[in-house]
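Engineer: My structure is below; once you've seen it, I'll send some questions.
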Amino acid sequence: MIYMLDTNIIIYLMKNRPKIIAERVSQLLPNDRLVMSFITYAELIKGAFGSQNYEQSIRAIELLTERVNVLYPNEQICLHYGKWANTLKKQGRPIGNNDLWIACHALSLNAVLITHNVKEFQRITDLQWQDWTK
């Protein structure tokens, strides 16, 4: 199984709280993969640039990417994005642009999106998601 970690879950994991996130990671099977979207990676880098300790933040991100692979765009992401951006707009229920890209990246891989931002992501009915904070 591929598990794509949303930005909030990555931050929880880096801070080791809530501890249940690390516990869930430790319970994964050997063939399970932890990944993050390039969008999540960009959000982390943006946060590092805005932090008071840039070098420490960048080092923490580098260590994280040794365990969680960063995945980059493909054509399928764009197809899902086009579909869901229009579907949600027509429903009058759009979500944040970065969240939409992350969701579409997970859809393109048939991955389970791990997030605490359930309110936004549950609008995308094709998306598999789990909240590991519960």
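In case you wondered, yes, glycine gets a Cβ from its N, Cα and C as well.
In case it helps, Swiss-Prot gives these features for our protein:
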BINDING   ASP6, ASP99  Mg(2+) binding site
DOMAIN    3-132  domain 'PINc'
Engineer: How would DSSP class ASP6 (Mg(2+) binding site) in three states?
Structural biologist: coil
Engineer: By a simple count of other Cβ atoms within 10 Å, which of ASP6, ASP99, the binding-site residues in the record, is least packed?
Structural biologist: ASP99
